[in-house]
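Residues or ranges marked as domain 'HpcH/HpaI aldolase/citrate lyase' by TrEMBL: 3-223. What TrEMBL lists as substrate binding site is R64, E128. Annotation comment: TrEMBL describes E128, D155 as Mg(2+) binding site.
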Amino acid sequence: MRRTMLYLPGNNPNMLTRGYLFGSDGIILDLEDAVAMVEKDTARILVSKYLQQGEFGDCYVSVRINGIDTEYWKDDLAAIVPNKRLDGIRVPKVEDENTVKIIDEELSRLEEQNGLPVGKLSLHCLLETAHGIWNAYEIAKASPRIEAIIPGGEDLRADLKTNRSDDSTELEWARRMLVFAARAAGVEPLDTVFARITDDEGLRKETEFIKQLGFSGKSIIHPNQIKIIHDIFTPTEQEIAKAQKIIAAAKEAAARGQGAVTVDGKMVDIPVVKRAEYTLVRAGLA
Ligand SMILES: CC(C)(COP(=O)(O)OP(=O)(O)OC[C@H]1O[C@@H](n2cnc3c(N)ncnc32)[C@H](O)[C@@H]1OP(=O)(O)O)[C@@H](O)C(=O)NCCC(=O)NCCSC(=O)C[C@@](O)(CC(=O)O)C(=O)O
Ligand SMILES: [Mg+2]
């Protein structure tokens, strides 16, 4: 489950230490935009030490490195790859499949050098420009390491030369495109952050919207955002009961040689059963 992925600024020992305790599905130790230029080296050392010694429970642990257009990314990877508890890398500003290939090759080299299975580390790619979004499908297919693609809403707004509206109209096309690309490529579409940390109602509305689009989770910047998102992405008792009813009715119908059947006045056929099964899978994981 990747319902929530919490960013922890890599130069903030308090947030790094307590980050996993808030109960998000994953954490992202950030070396990129949450860290000022003058703090890049300090953050890298801190994150590497923390990966060696920290507690993480069963959280998915990732690090957001600096982009390949910076002088930092190779040092970032060299410092974090040897840590066994690391699950994946979040790569910012992914423009095209070439960006993925460059990271993939460097990762393979470092995994081999450190005696780790080549391909162990997964990639979560941030698409943060119009160019990156345009290439979403090629990016998502560029390596078997890729587990998720994510729109970087804040950077994307800058690239689109627009700004943040209340309902994020400016991101709508990019979000739809990204979900299609991810699903077509068989990777997870995860959503960008919601910046208004005290606006619970706004977060709820946005999360319901992106779930309806097909996203399977969201990046977050504050622990208060976790519960709202988990509530929306975790199937309710009612949804579970409905899914069980659909599956049972479809089984009985199949035994009678029927492909479609009616449950509570609505047609149930194979795609409806698939959706019901997906609900039960998510309920089980949650
Ligand atoms: C916003 C604020 C400063 C507010 O802090 P404040 O301290 O004022 O908040 P308070 O409410 O007072 O905190 C109450 C208690 O919770 C603790 N606490 C808060 N946040 C915590 C946290 N994240 N982890 C652990 N602990 C936390 C805090 O330490 C305090 O603990 P304590 O003092 O002990 O009581 C803080 O949250 C924060 O820094 N967030 C992360 C910001 C960040 O990483 N940005 C970069 C990633 S996005 C990006 O790059 C966009 C993107 O690239 C990509 C994309 O979309 O994916 C794009 O282009 O779109
Ligand atoms: Mg960004």
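For all residues, glycine too, the Cβ spot is worked out from N, Cα and C.
Any TrEMBL annotation is an automated prediction that lacks curation.
Among the binding-site residues E128, D155, the residue whose Cβ has the fewest other Cβ atoms within 10 Å is D155.
With respect to ligand 2, the binding-site residues R64, E128, D155 contribute E128, D155 as residues with a C-beta closer than 6 angstroms to one of its atoms, given in sequence order. DSSP assigns R64 (substrate binding site) to a strand. Residues from the binding-site residues list (R64, E128, D155) with a C-beta closer than 6 Å to any atom of ligand 1: E128, D155. Annotated pair E128 (substrate binding site) and D155 (Mg(2+) binding site), C-alpha to C-alpha distance, rounded: 5 Å. You'll find the Cα of D155 (Mg(2+) binding site) roughly 15 Å from the Cα of R64 (substrate binding site).
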